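A.B. asks: Below are the structure tokens for one structure; questions will follow.
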Amino acid sequence: MKNYKAIGKIGEGTFSEVMKMQSLRDGNYYACKQMKQRFESIEQVNNLREIQALRRLNPHPNILMLHEVVFDRKSGSLALICELMDMNIYELIRGRRYPLSEKKIMHYMYQLCKSLDHIHRNGIFHRDVKPENILIKQDVLKLGDFGSCRSVYSKQPYTEYISTRWYRAPECLLTDGFYTYKMDLWSAGCVFYEIASLQPLFPGVNELDQISKIHDVIGTPAQKILTKFKQSRAMNFDFPFKKGSGIPLLTTNLSPQCLSLLHAMVAYDPDERIAAHQALQHPYFQEQRKTEKRALGSHRKAGFPEHPVAPEPLSNSCQISKEGRKQKQSLKQEEDRPKRRGPAYVMELPKLKLSGVVRLSSYSSPTLQSVLGSGTNGRVPVLRPLKCIPASKKTDPQKDLKPAPQQCRLPTIVRKGGR
């Protein structure tokens, strides 16, 4: 961390604390997520899903950009250097007397659905979508904190007590870890309501109260849904019939299209719940799609790539130090679980092969194509072999310095047979 100066503390969680840092190389400000856990080897770092996921998902305009990963083998400390955002959604709405305009709400929710569509198409689900993990910078929204993410192809059951209680889907509460990527849409629906009303939708004080709060609003589900959940839980349960007050009774300032999408996102049955790519086509986002289409047309006329990226030239650039040298490089499911085509999909996220004490710096890679989208022939991203840079090569002003630790560049994620 000798290349960064601590400016102040942003926040702290169970497993990490986040600091505002200034780079001594480029003068830019970053968010440093310092892990509280100590790591004994590169293999342990390899197994961190958060790093694997961010490497696969970056770059995307609605996913937090990972700038650098710094691992100190001697102390076992690990830090993730990410782009610095202005605030999270919780901070945005906290203390507000009046809700945001529906246009602003629509703009933010469209970007949140874009981020979820991107991660789901790339075989990952977040599992902890909540206001604190959704970051804002001016009008750009980005999903962050992938510490709880999983591969959609990994074997169930998953961890039961995942996600923050208020945003936890019924299948997470009522089964022994048998849930899918659809849980992210439930959580996003809860965030949707909270942005619009400035109040949490289901503020349960414990697990039982959480289910009760859900039933108070939505009503108890059909018996066939409860029966399906019971098959995935050792303990039996029954609930008294509740009709539910309904979401419209809790709000008066939301349009019919807004309420329609909100209901679709918090459908009790995950099989009936809307998927992210379907949400993006909902009538509520009609104006957003038109705006995006016009912007795409302008980019094509100007000769720019078809996939616009949020305009952040500084935070989207990475500087890789090699003892005095700086190199600047640009960073660039259907309703049910997607059907397999061709070779079997990977069951877990790919591991990054590293060696020695390293500073892992991101660098440009082509925009990732979906592992679930058409035209992939069922193939998944692969990793190129690592290129290691010996630390022995120094420029003249540094000959009297001690040998630096070995540095490795992370490989670009590429797809065989892709575009």
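Placement of Cβ uses the backbone N, Cα and C atoms for every residue, glycine included.
Among the features that Swiss-Prot reports, domain 'Protein kinase' is placed at 4-285. What Swiss-Prot records for Ile10, Gly11, Glu12, Gly13, Thr14, Phe15, Ser16, Glu17, Val18, Lys33 is ATP binding site. As annotated by Swiss-Prot, active site, proton acceptor applies to Asp128, with the evidence given as sequence analysis. Sequence annotations record features per position, and here Swiss-Prot assigns region 'Disordered' to 285-344, 390-419. Swiss-Prot lists 322-338, 393-402 with the feature compositional bias 'Basic and acidic residues'.
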A.B. asks: Other residues with Cβ within 8 Å of the Cβ centroid of Ile10, Gly11, Glu12, Gly13, Thr14, Phe15, Ser16, Glu17, Val18, Lys33 at the ATP site?
C.D. replies: Gln34
A.B. asks: The record names Ile10, Gly11, Glu12, Gly13, Thr14, Phe15, Ser16, Glu17, Val18, Lys33 as the residues that bind ATP; what is their largest Cα to Cα distance in Å?
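C.D. replies: Per the listed residues, the maximum Cα distance equals 14 Å.
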A.B. asks: Give the sequence-ordered list of residues that share a chain with Ser16 (ATP binding site), lie 6 or more positions from it, and have CB atoms under 8 Å from its CB.
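C.D. replies: Same-chain residues close to Ser16 (ATP binding site) (Cβ under 8 Å, separated by 6 or more) are Lys33, Gln34, Met35, Lys36, Gly147.
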A.B. asks: Provide the number of Cβ atoms within 10 Å of the Cβ of Val18 (ATP binding site), excluding the reference atom itself.
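C.D. replies: If we count other Cβ atoms within 10 Å of Val18 (ATP binding site), we arrive at 19.
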A.B. asks: How many other Cβ atoms are found within 10 Å of the Cβ atom of Asp128 (active site, proton acceptor), counting all protein chains shown?
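C.D. replies: By my count, 20.
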A.B. asks: Determine the minimum-neighbour residue: among Ile10, Glu12, Thr14, listed as binding-site residues, which Cβ has the fewest other Cβ atoms within 10 angstroms?
C.D. replies: Thr14
